[in-house]
């Protein structure tokens, strides 16, 4: 197992840095094309229908065809928009999505034409904070798109998105605090190295669950896709966008999904380390093999995105905000105190801290699941209150019949 040497960063030749940057870009673009196609295929199977199956063998070129179609369509700019901001908003959304992936470790040390280098573009002492900061910039593009469109629905979608990111990024940052505490670093390569023996998903299960929930809300995906709710806001912040500008918003969304999935892999699933029992093979974590394990873990999270979209209905806005502020943030704060206590026992030489942390995390997770289930069941089982006199309205008398009062129920029966 060869972990990257921190001194390697910043000493690669220029052509190798350029090659790694192009490699990261190609990896993200290919992942987006594959994710769109697989999402449509999987959703088709979930809904008992065929997915795209016309362009290319078994529809494999459908995503490429859609991208070319959007690029060649006429770009329509509606009247009344703030044109400079309207055109700049998609760019502001898509650039931070790519920049955030620069510090994600995709593997250990490899040899490229005789040069030893890490499968990571660069690393920082505060790499995770860099990712949080850069991904937060992307929401400015959404807000500006809603404001510059000069329409009510896009503006509401932009405001929803800003509130959503602020709410769920707090919970996401709190879920990272426990990882920093145990890894002793905010460097992404250092966090991966700290998980050589045990992945943090087992030690820090509540943090992992909080992060997974937050990352779905952060990327505006179902069931948290409130900024672009079709039934309420038509298309949300990108209602007035078409052609390549619309494609840039879609590209930013799927790149963000890939980035937060890669971050979850790095923080909780051991990064590029091979899973058990593959890790028993001596060469599993050397050479180019770690890139395969890393990609497989990222695709597990991307499938979770697809699964959630195909199975869960969209939440109401008040329910969504209540989950963030009333559940995720308080649970994260309580869990940080528990983890800090266990970490203190660890540093002072007391045994049993790992077992205690596992038990505490399991109990907390189970308790939250029970509370959430009981809450949802109580809401579903509530009886509808009896209608008051205000709900009953008179109707004109029918010739030959006495005047009656008609209720909404009787109207539905009559109309049927």
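From the backbone N, Cα and C atoms, a Cβ is placed for every residue, glycine too.
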Worksheet item: Pick from 197-217, 218-238: which range has transmembrane segment per Swiss-Prot?
Response: 197-217
Fill in: Where Swiss-Prot places transmembrane segment among the ranges 84-104, 378-398
84-104
Item to complete: Establish whether the number of Cβ pairs under 8 Å between the transmembrane segment (288-308) and the transmembrane segment (353-373) reaches at least three, counting only pairs separated by 6 or more residues.
Response: no
Item to complete: Would you kindly check 84-104, 165-185, 260-280 and say which stretch has the most C-beta pairs under 8 angstroms to the transmembrane segment (197-217)?
Response: 165-185
Worksheet item: So which residues does the transmembrane segment (320-340) touch in its own chain, when a touch means Cβ under 8 Å and the partner is 6 or more beyond its ends?
Response: 163-164, 167-168, 170-171, 174-175, 177-178, 181-182, 204, 206-207, 210, 213-214, 217, 224, 226, 357, 360-361, 364, 368, 372
